[in-house]
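Chemist: Below: one structure in structure tokens.
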Amino acid sequence: MKETETGSSDLTPLLADADSLENQSPRGLASVSGAVFNICTTMVGAGIMSIPATVKVLGIIPGFAVMFMIAVLVDITVEFLLRYTQSGKSTTYAGLMAESFGSLGSLAVQICVMVTNLGCLIIYLIIIGDVLCGNESGGTLHLGVLQEWFGIQWWNSRAYVILFVVLFVMLPLVFLKHMMTDSLRHSSAISILLAVVFIAISSAMAIYAFWKGKTQNMRLLPDFVNQVSIFDLFTTVPVLVTGFGFHVNIHPIRSELRRPSDMSYAVRISLAISIAIYFSIGFFGYMLFGESIMSDILVNFDQNSDSAIGQLVNNTVRLSYAMHLALVFPVINFSLRTNIDELLFAKKPVLAKDKSRFTILTCVLLALTYTIAIVIPNIWYFFQFLGSTTVVCLSFIFPGAIVLRDVHGISRRKDKVMAILVIIMAILTSMIAIATNLWTVG
């Protein structure tokens, strides 16, 4: 998921000011197909790398069922937001919450978006580390690109490589004081293109492996006998929720449509496309790597290469996606830094004009992101954390609360019943997922 609005996806994905986006974008010029493209690029982000791991836990049939159920609930809560947007005067998610809950509602959205974007930055660094340095799970070591090329050396360990990337790639980019909004459009286009290419290559590799009789055994249902408990199934839900989260981008995308009423149609098409993308990568990734699949499927691409061409394809897939994340990183960081500054230093001069404050805030954010990415080098935990807290609030709890508050008096009884059910399911699922993770770690 990538966030693009303040209180942008990914997360997500990328916390730009919605009002400025709307003022800079031509109103009423986007078609339904353009809206579908923007929504899909918002949903399909780095989260795609953990989808095969959720299918491994759930099994193929429940995996598809859970994806479909979450998509249906997302469609319902998006409809809530669209109806209250049409009845009110707000043009942003934060403004919509302010209408119902005052400044605290707006602040809650802003904090959730900022935390989500910080989580996205950490996830991006972890994935870049996985690609370059590999990862280890259950005693199995997966080599990164640098280790395959030069062997295991002290200088290509995760801490040193990510530090090098942070200092010599990220730092010069995040010190840019201005970011053109076109960067967001270009990065989104690259994101969806890489996702399609990634799925195409993975599918081709899985089909080739099937033809050669080298595919892994796949389970249609969860393996309750040997591997998972009923509570483990709940830990996959936050990962999928994160993958379908795009609610903070509804307003800027809607504002560009020729007919804002077409937004509901565009959302349903986008959800159908995202389900197809997620299930495809989940199915073919699981077919290709089976029970050995990692939380970041890119890590597994070190083991499926019997030829030089195969190795080249594997490395191309991994490096291209890592490069994309490295380029998107400063865009998210730019918006996150701006919003944190506005929250903490509202009465201070513009951040770009205060060199010392700009430098300190930039370095603190980058150091914090690097430290957490090194200490907890597993994207699964971050997707679960975000999907159980900030993303679940933005996707389900806040829209449901708006309907129950009903400041415009437009909610029907069935709307309020559905809002209550959505909130209860979101809270219970998140609590079980968090408790299960804490129990496992403990």
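Positions of Cβ are set from backbone N, Cα and C atoms, glycine also.
Automatic prediction, not curation, is the source of TrEMBL annotations.
Quick paste of what TrEMBL says about this protein:
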type	residues	note
TRANSMEM	29-51	transmembrane segment
DOMAIN	31-433	domain 'Amino acid transporter transmembrane'
TRANSMEM	57-82	transmembrane segment
TRANSMEM	103-127	transmembrane segment
TRANSMEM	159-176	transmembrane segment
TRANSMEM	188-210	transmembrane segment
TRANSMEM	230-248	transmembrane segment
TRANSMEM	269-289	transmembrane segment
TRANSMEM	319-336	transmembrane segment
TRANSMEM	357-376	transmembrane segment
TRANSMEM	382-405	transmembrane segment
TRANSMEM	417-439	transmembrane segment
Chemist: Count the CB pairs under 8 A between the transmembrane segment (382-405) and each of 103-127, 159-176, 269-289, 357-376, then give me the winner.
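Modeler: The stretch with the most close Cβ contacts to the transmembrane segment (382-405) is 103-127.
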Chemist: Counting CB pairs under 8 Å, which listed stretch among 29-51, 269-289, 319-336, 357-376, 417-439 touches the transmembrane segment (103-127) the most?
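Modeler: The stretch with the most close Cβ contacts to the transmembrane segment (103-127) is 319-336.
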Chemist: With an 8 Å cut-off on Cβ pairs and a sequence gap of 6 or more, do the transmembrane segment (269-289) and the transmembrane segment (159-176) reach 3 or more such pairs?
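Modeler: They are not in contact.
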Chemist: May I ask for the residues of the chain that lie six or more residues beyond the transmembrane segment (357-376) and have a Cβ under 8 Å from a Cβ within it?
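Modeler: Hits for the transmembrane segment (357-376): 118, 121-122, 125-126, 129, 158-159, 162-163, 166, 170-171, 174-175, 177, 333, 336-337, 340-341, 345, 348, 351, 382.
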